[in-house]
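Peer 1: One structure follows; several queries about it will come next.
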Amino acid sequence: MHDDDREGAASPEGPGSAADSDFPGARTLWYLTFLALVAGILTGFVGGAFRKLLVETEALRTDLVEWAHGHGPWGPLVPVAVSALAAGLATWIGHRWKMSGGSGIQHVEAVERDQDVPAPASTVPARFVGGLLSIGVAGMVLGREGPTVHMGATLGALVARIGRATRDEIRVLQTCLSGAGLAVAFNAPIGGAIFVFEEVAHKVRIRYVIWTLVAVAAAVTCSRVVLGDHPDFRVLALAEPAVATLPLFAVFGLCLGLLAVGYNYAVTRTLARVTAVRVVPPFGTGAAIGAVIGLGLVYVPEAVGGGDALAQSMLDGREVAFWMLALYLALRFCAGPLSYAAGSPGGLFAPMLALGTLGGVFFARLAELSGVPIDADTRVTLMIAGMAGLFAASVRAPFTGIVLVMEMCAITTVSISMVVTAAFAVIVASALRSPPVYDSLREQMLDAERRTGRRADGTPLE
């Protein structure tokens with residue numbers, strides 16, 4: 001649409017544009033709502049297909065590992081080689097189509113702040129294929145939400161460009177559709193919407209609200225056509241925690257804050273160090289990291305992969321030796337940043353949720369060893385609060401973390417425990433002046449662009 005066709009549009013971009021106004025003209029409102037609906041439908045089907053194929057490739061990976069264990073001492077070399085090859089290809093894709101590497105959330109935030117340009121359409125197939133290779137085949141410790149968020153944002157910008165929207169409207173729609181991508185990743189529509197306001201836009205305005213809600217509703221509806229409608233985690237009914245247990249969750253939050261600070265530092269420093277190694281081509285870097293992950297798949301499968309199966313087994317009450325819990329925590333703490341440093345498509349959220357779950361189990365065992373009685377409901381509540389608390393402290397988006405985990409577990413009775421845990425975790429991370437992980441990653445991305453004088457899509461910096 002041209003500007004003279006829009007009511008209330010003063011200029012194609014900037015403070016006076018229709019998209020910038022909280023009260024755009026009726027024609028603009030309906031037209032952009034239609035674009036958000038179309039982009040949401042595309043995001044739902046693309047993201048749903050991505051998740052479905054991830055499940056199938058992960059099942060094939062598990063079958064391959066089981067096959068390897070039954071074929072003598074050389075059998076385990078097969079999944080290691082497959083993981084190395086898949087990770088190498090995924091990393092090559094992430095460097096060949098530069099905007100497809102890593103999480104993508106930091107790029108969405110940079111576009112929203114007018115620090116970068118929207119990703120090109122080629123980002124969608126690159127992230128789709130690269131994500132299947134890195135997460136599904138290689139078993140890297142990465143999350144599905146990174147690709148789905150960025151694919152959603154890219155589809156939002158693409159539909160807006162095709163619809164001849166202004167530059168500012170393209171920016172707003174890519175932001176709104178990022179929430180649709182997150183909602184599809186975790187079947188969490190409200191969490192996806194809050195993510196837009198709290199983490200990406202850092203503000204709540206009516207234009208974001210309308211188009212985000214439309215996009216999220218369309219995307220989740222379409223993804224459920226592909227995947228079905230069920231929460232990501234199965235959690236039995238839990239009793240509301242006693243008031244007397246809240247100090248326990250406050251202490252747990254303090255510990256999670258420290259864990260988040262360490263994890264953020266590990267992610268950013270490992271990425272910086274691996275990126276600085278220029279003598280090894282991207283394929284070689286990815287293959288080397290993939291081989292390490294492949295060894296984990298063979299010998300300690302719980303320590304690698306996205307972590308959903310591990311988290312579910314813990315929520316189901318699986319008993320694990322204390323030393324094994326410590327090993328899982330340590331290995332996943334190291335494998336997550338290492339996987340991310342490869343530069344292949346994949347996010348941080350899902351592995352963070354698994355780490356938070358392990359943190360909850362580990363803290364419960366420590367409390368028991370200290371003489372504090374922990375019943376079954378409190379143990380599970382600590383796991384759920386651990387997911388929300390670690391997310392809140394690392395990303396510095398507590399409302400998103402709390403609501404996201406509530407929707408993933410389909411439970412609200414433990415909300416006060418989650419709030420207390422998240423609050424104290426954020427207090428510790430803020431007091432230690434640890435920046436939110438995506439702020440750090442965005443600055444690293446922009447610094448790299450300034451050094452080369454070009455954006456990730458190859459266009460020169462203005």
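Here the Cβ of each residue, glycine as well, is placed from N, Cα and C on the backbone.
Source: prediction; values computed, not measured.
Per TrEMBL, the feature compositional bias 'Low complexity' maps to 9-19. What TrEMBL records for 1-20 is region 'Disordered'. Here TrEMBL flags 29-54, 74-93, 208-227, 247-267, 279-300, 320-341, 348-367, 379-397, 409-432 as transmembrane segment.
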Peer 1: Under 8 Å, at least 3 Cβ pairs, sequence separation 6 or more: does that hold for the transmembrane segment (74-93) versus the transmembrane segment (320-341)?
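Peer 2: By the criterion, they do not touch.
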Peer 1: If we skip the immediate neighbours and take only residues 6+ beyond the ends of the transmembrane segment (320-341), which ones have a Cβ under 8 Å from one of its Cβ atoms?
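Peer 2: Cβ under 8 Å, 6 or more out: 102-103, 134, 140-142, 262-263, 266-267, 269-271, 273-275, 289, 292-293, 296, 300, 302-304, 307, 310, 314, 348, 351-352, 354-355, 358-359, 361-362, 365, 369.
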Peer 1: Which stretch from 29-54, 247-267, 379-397, 409-432 shares the most C-beta pairs under 8 Å with the transmembrane segment (208-227)?
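Peer 2: Between the stretches 29-54, 247-267, 379-397, 409-432, 29-54 has the largest tally.
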Peer 1: Short question: most Cβ pairs under 8 Å with the transmembrane segment (409-432), which of 29-54, 247-267, 279-300, 379-397?
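Peer 2: Ranked by Cβ pairs under 8 Å, first place goes to 247-267.
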